[in-house]
Amino acid sequence: MSEITPEIVAEHGLSADEWKLCLEIMGREPNLNELGIFSVMWSEHCSYKSSKKWLKTLPTEAPWVICGPGENAGIIDIGDNQAIIFKMESHNHPSYIEPYQGAATGIGGILRDVFTMGARPICNLNALRFGEPDHEKTRHLVSGVVEGIGGYGNCVGVPTVAGECEFHKSYNGNNLVNAMAVGLADADNIFYSAAAGVGNPVVYFGSKTGRDGIHGATMASAEFTEDSEEKRPTVQVGDPFTEKLLIEATLELMKTGSIVAIQDMGAAGLTSSSFEMASKGGVGVELELDQVPMREEGMTPYELMLSESQERMLVILKPGMEDVAKAVMDKWDLEFAVIGKLTDTGNMVLKWNGEVVGDLPIDPLALASPEYDRPWVKTERPAEVKAADVESNVGRIDALKTLISHPNMASKRWIWEQYDHMVMGDTVGRPGGDSALVRVHGTNKGVAVTSDCTPRYCYQDPFEGGKQIVAETYRNITAVGAVPMAVTDNLNFGNPERPEIMGQIVGCIEGIGEACRTLNYPIVSGNVSLYNETNGTGILPTPTLGAVGLIQNIDDAASVAFKKEGQAIVVLGETTGWLGASRYLEVLCGREEGAPPPVDLDQELKTGNFVREQILAGVETCHDISDGGLAVALAEMAMAGNIGCSVDIPANVDQAYAWLFGEDQGRYIVTIDADKAGEFVIKAGEAGVVANIIGQTGGSDVVLGGESVSVAELKDLHESWMPTYMAAGE
Amino acid sequence: MKAAVIVFPGSNCDRDMMVGIEHSLGRKPEMVWHKETELPDVDFIAVPGGFSYGDYLRCGAMSAHSPIMREVVKKANQGVRVLGVCNGFQILTEAGLLPGVLMRNAKLRFICKDVHLKVENAETEFTNKYSAGQAIRVPVAHHDGNFFADDETLAALEGNGQVAFRYCDAAGNVTDEANINGSRNNIAGILNEKKNVLGMMPHPERLCDTQLGGTDGKPMFDALVEALS
């Protein structure tokens, strides 16, 4: 074994303090195998060392939460002995270096987190962020990432039903690929990762181990520099066909009653899975590394412990159940090997052909991973932008046309038509709505899912921005008629060692926490991706949230499309014309500035409850108002239903553009039969919700205060940006 | 009707097919694992969509050599009705039950969306609940659905009424624009000469349920149930 030099320590990403702690824990100098294990276990990616202090402040509990953060995914109870298991996770760094495989393996990894706990995956979502459309790499990255997600998700046969895609120059050197998987399990048949039972066999199944992805977790914990291209070999390669077999084999194995604990091998592969299982169970492990199924000749213990080869699982079996488990794997043509046993030593002993090649104390290493209280500075809330101070030379119809065909607002059909969003036969609400709606197989219940983030708000005011994301998911779930139940967070930021970035992290987490507490909407799982910087330039703060809601009867669900002519259009919530940090200000005035709209959480709750009640009572059309304000929301409803609308601008409004395009929060649009609209407005008032009738549906044009554009023209503009943009690169 | 659905490693529309059949039949079909060497006594076999063997080598090529496929071919030759959807269609061409091949989509991308199909032959046990020329709405979800056959084969398919469905617009017009994947003559589904084997890229089993947005796929399964009862 080579001597450990300071250079080798530095190559493993350990700071001087961490190396000192490592020596203390070991009581001697570690060998290279052991150092490699410290390196990945203490990487930002695996240890959350910069964010842990703040993550602990998030609310994680509610009566319907079966399992919160700390396991592979979060679990909520949806009644009838059914549970939803879900999580969102980033695959940002690998997707930038190798977009197809980086994105594909992101899907594979998040699916494993969900089926590892006993769920059959029922849908996928993804939130994508790329650099400016004109940047030389963007088109290539979009194309590769979308193809990678589709290539993997389509093959495993899990529908990809929702997501988002945004472009901004801050992502030029660091695109974001955040993938969420949602699964359905029997609430009384959930599997956890805590190892137990001294002497029980440690079993490996799935694909063989190769040399791919070694130090992927360490790579994902550093900034990109000019030589990041050289990190291509650390990107893993996915095999969705094997993943499909792995899903079926794992779920079949779970029916045999042979499993004590199970965990997939994700970031930091065998190291992370074995340490986490042992640490949670308070046991020791002895691994015979030469028994690991290997894809290549001449692999070393170091490589076997650090490989991030995909589609692999680690399971602790009940004694004597090896043959039962092996029969399942044989049926599905998957590798199966007993690679060790549990011990009572509290140590991880690694053997290679009988010889001890590593011996590490498990708990000190897993639990004593560093936790930093990094210095931070608060982002001061910027000045408000007064509507009267916004110069607008563009007419309202031209503004609307510009917004709905802008890269960030145009239809993303080009993306989601490359994803099989219908396989499994339960996609009731397809992509393009506020939330996708997936039927719980064999029932009339529906699971509503959405992912959201408004990075430009978070950049201007992390606290209000954090609140707004939670509220936005809450509204998207509510707008289909479902009850928002729980959230998964995928926190993407720049380098936490810079106090202003750390300030963004703290502010966003505090805002998210406050909103989740008020809305009784816990965070049950999540992932943190830091160091999204290139040569010192960070991304906009992007704490993406994925959310899940439940509707008892999908036949009650509402959708965004106008359905009838002559209905009254009612706006719920107050419209003040807030233009700070709005799309209008950014796109039409070229100004990315101003305090973002505040979110009144108590009002959010009142309005949300009212909307849901009304949907269950028969309201069929509902859309929340977000980017681009009222005018864009109306256009989206008209385009979805192929029915026009006409709205009047209230006489007391000074700046029509602010009323049309302002992004005041907490608002929804619903349509009500004209003869019942007055009564509806009274009911809203009684519920403490501001309601205004602003116009009616009908015709083939969208008419805004007397100026009009045809729905057909809007649709053409809205649908053509992305195909045209992508075709220009072919 | 006694129905079976074949399940290959990597099939992923097997459950959808089962549910689709169940909507018309009122009970579940038998699910038959590809390693089986015998089929139960059935008069309808469905080969579902998915990515059998990961589409490695060539879509459907490996599955066509699975043990169960020898039995499927035998039954088909005895007149048992066989439906192959999507990857199932690819498998049936690889197994020699249907002519032609399915190549990569002309635009080289996976496509998942509702399309319209013109019913070309409404006189088969699969299609007789549709009317000739009717435009039905059925989803597609494939990467390799670009039907190709040489001129002679194509002429024979057209001449024998073996073209079951063509891609068309909502009004039933067979146009280049409606030809989503570049198939020759807009072909979306074909029959064998005896008309007891149908292969199609679109998924009728995905629209048999109003909650999923339509039921244009259901008449196919209704027709089979009626013919085989």
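Cβ atoms here come from the backbone N, Cα and C positions, even for glycine.
Remember, predicted model here, so these are calculated numbers, not experimental data.
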- line: For the ATP site that TrEMBL gives as A:TYR48, A:LYS87, A:ASP489, the extra residue out of A:GLY13, A:GLY118, A:GLY446, A:GLY526 is A:GLY526
Message: Of the residues A:SER435, A:SER451, A:SER525, A:SER529, only one is listed by TrEMBL in the substrate site with A:SER90, A:HIS91, A:ASN92, A:HIS93, A:ARG112, A:GLN236, A:GLU308, A:SER309, A:GLN310. Which is it?
response: A:SER529
Task: For the domain 'Phosphoribosylformylglycinamidine synthase linker' (A:11-49), would you mind checking the mean pLDDT of the predicted model?
output: 89
Field: Tally of DSSP helical, extended and coil residues in the domain 'PurM-like N-terminal' (A:70-184)
entry: 45 helix, 42 strand, 28 coil
Task: Please find, for A:TYR48, A:LYS87, A:ASP489, A:GLY526 as listed binding ATP, the greatest distance between any two Cα atoms, in Å.
output: 16
- prompt: Across all chains shown, how many C-beta atoms besides its own are within 10 angstroms of the C-beta of A:ASN92 (substrate binding site)?
  reply: 26
Span of A:SER90, A:HIS91, A:ASN92, A:HIS93, A:ARG112, A:GLN236, A:GLU308, A:SER309, A:GLN310, A:SER529 around substrate - largest C-alpha separation, Å: 20
Query: Helix, strand, coil residue numbers for the domain 'Phosphoribosylformylglycinamidine synthase linker' (A:11-49) per DSSP?
result: 26 helix, 0 strand, 13 coil
Sorted by sequence, non-A:TYR48, A:LYS87, A:ASP489, A:GLY526 residues with Cβ within 8 Å of centre, ATP: A:LEU55, A:PRO69, A:MET88, A:GLU89, A:THR488, A:ASN490, A:LEU491, A:ILE523, A:SER525, A:ASN527, A:VAL528
Message: Taking only C-alpha atoms and a 10 A limit, tell me which of A:HIS45, A:TYR48, A:GLU89, A:ASP264, A:ASP489, A:GLY526 are near A:ARG112 (substrate binding site). These are the recorded positions.
response: A:ASP264
Task: Taking helix as H, G and I and strand as E and B in DSSP, count the residues of the domain 'PurM-like N-terminal' (A:432-551) in helix, strand and coil.
output: 44 helix, 42 strand, 34 coil
Message: Give me the count of other Cβ atoms within 10 A of the Cβ belonging to A:GLU89 (Mg(2+) 1 binding site).
response: 25
- prompt: If we check Cα distances from A:ASP113 (Mg(2+) 2 binding site), which of the binding-site residues A:LYS87, A:GLU308, A:GLY526 wins as closest?
  reply: A:LYS87
